[in-house]
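Noted in TrEMBL for the protein shown:
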- 16-297: domain 'ABC transmembrane type-1' (DOMAIN)
- 329-564: domain 'ABC transporter' (DOMAIN)
- 12-31: transmembrane segment (TRANSMEM)
- 51-74: transmembrane segment (TRANSMEM)
- 125-148: transmembrane segment (TRANSMEM)
- 154-176: transmembrane segment (TRANSMEM)
- 234-257: transmembrane segment (TRANSMEM)
- 277-300: transmembrane segment (TRANSMEM)
Amino acid sequence: MTILKNASKKFHVSIIFAVLAAALMVLATLWQPKLLQSIINAIMKQESNKIMGIGFWLITIAVIGLIAGVINTIMSAKVAQGMAAEIREAAFRKIQTFSFGNIEQFSSGNLVVRLTNDINQIQNLIMILLQSLVRIPLLFIGSFILAMVTIPQLWWVIILLVIIIGCITFFSFGVMGKHFKKIQRLIDKVNELAKENLMGIRVVKSFVQEKRQTQGFANTSDQLMHENILVGNVFSMLMPLFMLVANMAIVVSIYFAGDLVRANPYVVGAITSFTNYLMQIMMALIIGGMMSMMASRAVVSLGRIKEIMDTNPMLKYPDKPIQKLDGAVEFDNVSFVYPDETKPTLKNISFQVNPGERIGIVGATGSGKTTLAQLIPRIFDATKGIVKVGGVNVQDVNETSLRNAVAYVLQRPILFSGTIADNLRQGKRDANETEMKRASDIAQASEFIDTREQGFAAPVEERSSNFSGGQKQRLSITRGVIGNPSVLILDDSTSALDAKSEKLVKEALDKKMNHTTTFIISEKISSVINADRILVLDKGKLVGFGTHQELLANNSIYQEIYQTQKGKQEKGDQ
Ligand SMILES: Nc1ncnc2c1ncn2[C@@H]1O[C@H](COP(=O)(O)OP(=O)(O)OP(=O)(O)O)[C@@H](O)[C@H]1O
């Protein structure tokens with residue numbers, strides 16, 4: 001509820017207008033049968049001057065009701081859209097404060113569904129609330145009282161109608177509510193399957209998986225169709241059922257009012273307004289039932305957004321002034337366990353690196369290389385022990401200081417749609433053309449940027465589909481080096497580069513960024529052979545730290561990796 005309250009702050013006036021318009025609509029709806037009753041009485045009494053007067057009122061009230069209805073819809077839609085946008089933006093802002101661990105807890109796909117589908121549900125809820133929350137109870141109570149007052153002798157018809165319609169609504173909408181939830185789940189699944197398939201379309205095509213994928217999609221789509229047909233059938237049976245009950249109530253009312261008419265012929269007008277009120281009571285119950293069914297679905301969505309808003313970022317940064325950190329990196333007895341895991345991925349790791357050193361990190365796949373590197377820019381925090389950059393515990397510096405000091409180039413390069421310059425400025429917000437040129441020279445990206453007519457203003461399409469794997473990696477490295485960081489981490493980020501380009505990147509880094517401490521993560525020893533020192537990881541433990549020659553001389557695991565890779569290379573050379 002606090003979510004709705006906070007989002008409604010800007011819309012108080014519109015909400016008041018919507019509610020007042022809804023109340024006016026109810027007044028008009030309740031007044032009309034009474035006027036109808038008066039006009040019938042006037043016709044029976046042949047009071048033509050009265051007929052004109054009441055007729056005029058009848059039309060006026062109908063027009064007022066209509067205008068109030070339009071105002072209510074416009075205001076409700078405005079508030080619903082506006083509040084949904086507020087909630088969406090607040091949730092998005094909150095997600096931006098999340099650490100990697102938080103995102104993993106939810107999964108990014110799930111967060112996307114929450115930001116789209118769930119917000120849509122909430123938007124519908126707000127719309128329904130503004131249109132019906134005031135109108136339906138008022139209409140029900142008003143019609144009930146007026147029906148009772150109009151023909152008190154038929155009180156039992158009213159009560160019976162309420163009970164029968166109430167029961168049908170309660171049971172049928174209860175059943176449909178469950179199917180609606182199922183439908184929603186299936187819609188989510190269809191969306192997910194479509195997204196997964198289209199994003200991985202290259203894999204699908206290259207492994208000739210079209211048939212299998214289509215089959216999977218068709219199964220879910222068929223289930224969705226069956227559920228929709230079922231709900232549609234229940235709906236189409238319900239409407240005639242409601243009409244049947246309403247008509248029966250009218251017939252019963254007319255039958256029992258017959259005696260009253262014989263005693264007093266003017267009761268005819270009262271019967272007309274009485275049956276009108278019966279219809280209003282019925283409509284109020286049906287709409288009320290539908291409203292609660294839709295509201296229950298939206299309340300689940302509200303809960304899912306609340307979960308986002310109530311999540312505390314796993315990482316917090318101290319409120320300290322910005323400081324310049326040099327490239328010294330130290331791990332002091334560091335262990336790390338992933339959230340939701342029990343076994344440590346890194347165990348008691350200690351080492352020290354001096355500013356400007358070139359450090360290789362090698363180890364078998366899954367040995368913990370990426371995990372170790374992620375602790376330096378605080379993508380995760382060490383579970384035990386201390387990680388220092390520039391001699392300071394990374395948990396004691398503010399976020400900007402750490403971001404300025406450490407650049408991390410990911411294993412999988414991710415670029416955002418926009419221009420090349422937009423992407424590079426993520427590494428340094430105010431980077432100018434000269435800085436971009438210098439960085440792209442280091443990353444060997446200039447050769448293909450220069451061929452594009454617009455240079456740094458060239459567009460990057462969605463999922464950077466207009467760049468090759470190697471080009472993406474080079475742009476990603478450019479973004480990493482542009483801010484001249486004290487520590488640069490290249491996490492297997494030259495894997496898609498040919499040997500010549502990889503060598504050129506390394507040479508450029510040595511020459512132009514020799515004050516930057518560089519970590520080069522690779523499974524290939526050939527990529528780190530020239531590093532000043534090499535960290536060797538095995539199953540989360542640091543089993544060696546030294547130069548290539550030292551490790552080759554006295555580190556059995558390094559020797560093993562080296563021999564295996566040498567063997568492979570020799571075979572490849574033959
Ligand atoms: N987000 C995560 N949650 C849980 N476990 C994870 C997560 N990321 C990695 N792991 C596990 O931690 C271990 C180390 O993974 P890590 O990616 O650090 O290894 P790596 O040496 O970089 O491997 P590679 O060379 O294949 O990239 C693996 O067993 C992996 O399954």
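Using the three backbone atoms N, Cα and C, a Cβ is placed for every residue, glycine included.
Predicted automatically and left uncurated, TrEMBL annotations should be read as such.
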Which residues, given as numbers and ranges, are at least 6 beyond the ends of the transmembrane segment (51-74) yet have a Cβ under 8 Å from it? 17-18, 21-22, 24-25, 28-29, 31-32, 35-36, 38-39, 42-43, 130-131, 135
Should anything in the same chain at least six residues away from the transmembrane segment (125-148) have a Cβ under 8 Å from its Cβ atoms, list it; otherwise answer none. 4, 15, 18-19, 22-23, 25-26, 29-30, 33-34, 72-73, 75-77, 79-80, 83-84, 154-155, 158, 162, 273-274, 277-278, 280-281, 283-285, 287-288, 291, 294-295, 298-299, 301-302
Same chain only, please: residues at least 6 beyond the ends of the transmembrane segment (234-257) with a C-beta under 8 Å from a C-beta of the stretch. Say none if there are none. 151, 153-154, 157, 160-161, 164-165, 168, 172, 175-176, 179, 267, 270-271, 274-275, 278-279, 282, 286
Where does the mean pLDDT land for the domain 'ABC transporter' (329-564)? 90
